[in-house]
Amino acid sequence: MAKGIAIILMVTAHTMTPLGAFIYAFHIPLFFLTAGYCFKTKYCNDRKTFIRHRIKGLWWPFLKWNLIFIILHNVLFSIGIYESAYTAKDMATQALKSVFMTGAEQMLGGYWFLGGLFLASILSLIILTVTRCRAKLLVGCLIVLIVACMTLNTLFPETKAINDGSSILFFTAFFLSGFLLKTFRDIDIIPTSRHLHFGILMLIATWLISTWISGDMRTPYGWQLPIRYIGAIAGCIGLLILCKHLPPASRLARFFKFCGESTMTILTWHFLCFKGITYVLIQIHDLPADKLQEFPTLRELGPHYWLLYTIAGIAIPLLLQLSYNTIKNKVKQLKSSESIAT
């Protein structure tokens, strides 16, 4: 459920919404935190299986969809979505970047975090294996990661390579935080009757911090990084508490769950869905055709139509996923009926 809310927040954040600063404060950390929370300790003794799962679930989708969109680049250019076409050399360069997860097509702009999650997962696996998942040692590692990241951001704020490296450390900190959260989940400091109030207070704290320190996961915060970390963790915990109070059988809970199961589909198609809304707005407001190239939404009108962009960026990919699931199930039924007949 939390994963579904996280992907909805990601789409919303990309629409130039006035809620952007608040959403950026914790929506990406939520992905890393839930990944750490779901980490199984058995993988410390079966590292090959964990890495294989990461390759299949993160690296392969990144490569596959980037290659598809690289091939489609000139088609999208021909209908006015891109400013320039790719040469054969450009395609080869982009394909090579895709292999190493160092660059994604513009329509797959949200894919950057797949590379970060892949590397953070591997680094977290190493740390969890070395520490044997001991909570005290992990807390020490978490502090070291935060201090190292803060130091690198402060000393080299303009050096991209170092900032990219420190970002991986920051991502890893959230992954480990998720694992620690699962470890300490049975320690009930707050009375059960006060959980909901506590969750709301956590989200308010995140909002207050986001009004003071704005930016995303890759922003070099320097000395402000620990405060940003606390704000992100507070937002994640607050949202997880709210999820816990949502009845699992409710329509809203089932919707969030389906969104979570369709994360990759939404992540892949939401920017292209935005272009459909941009095209409609261009026609309605009689704007120049080259406005279709503005990314991710129309600069002037985007903030006024952020809710419409959000609905399109979520609903259309969900319809695609639903159609795919329906066709897949029918094919399975046909195959099973054929096998019974024979």
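Just so you know, glycine gets a Cβ as well, placed from its N, Cα and C.
Per TrEMBL, domain 'Acyltransferase 3' is recorded for 2-320.
Taken from TrEMBL, the feature transmembrane segment covers 19-39 (among others).
For the transmembrane segment (59-82), the residues of the chain that approach it from at least six positions outside its boundaries are 91, 94-95, 98-99, 101, 104-108, 111, 114-115, 118, 264, 268, 275, 289-290, 292-293, judged by C-beta separation under 8 angstroms. Annotated transmembrane segment per TrEMBL: 59-82 (among others), in sequence order.
Per TrEMBL, transmembrane segment is recorded for 110-130 (among others). Residues of the same chain lying 6 or more positions beyond the ends of the transmembrane segment (110-130) and with a Cβ under 8 Å from any Cβ of it are 10, 14, 28, 31-32, 35-36, 39, 41, 43-44, 47, 50-51, 54, 58-59, 61-62, 65-66, 101-102, 104, 138, 141, 167-169, 171-172, 174-176, 179, 217-218, 267, 270-271.
Among the features that TrEMBL reports, transmembrane segment is placed at 137-156 (among others). Here the transmembrane segment (137-156) has long-range neighbours at 127-128, 131, 162-163, 165-167, 169-170, 172-173, 176-177, 179-180, 183, 220-223, 225-226, 229, meaning same-chain residues at least 6 beyond its ends whose C-beta is under 8 angstroms from one of its own.
Residues or ranges marked as transmembrane segment in TrEMBL: 168-184 (among others). Tertiary proximity for the transmembrane segment (168-184) is limited to same-chain residues at least six positions away from its ends with a CB under 8 Å from its CB atoms, namely 29, 32-39, 116-117, 119-121, 123-124, 127-128, 133, 135, 138-139, 141-142, 145-146, 148-149, 152, 217, 225, 229, 232-233, 237.
The annotation transmembrane segment is assigned in TrEMBL to 196-215 (among others). If one looks beyond the transmembrane segment (196-215) by at least 6 residues along the same chain, the residues whose Cβ comes under 8 Å of a Cβ in the stretch are 21-22, 24-26, 190, 221, 224, 227-228, 230-232, 234-235, 237-242, 245.
Proximity of distant same-chain residues to the transmembrane segment (227-246), defined by a Cβ-Cβ separation under 8 Å and at least 6 residues beyond the stretch ends, is recorded for 1-2, 5, 25-26, 29-30, 33, 146, 170, 173-174, 177, 181, 195-196, 198-203, 205-206, 209-210, 212-213, 215, 221, 252-253, 256. Residues or ranges marked as transmembrane segment by TrEMBL: 227-246 (among others).
The transmembrane segment feature in TrEMBL is assigned to 266-285 (among others).
Look at TrEMBL and you will find 305-327 (among others) tagged as transmembrane segment.
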Positions whose Cβ lies under 8 angstroms from the transmembrane segment (266-285), at least six residues beyond its ends: 7, 10-11, 14-15, 61, 65, 81, 106-111, 259, 291-292, 294-298, 301, 305, 308-309, 312-314, 316-318, 320
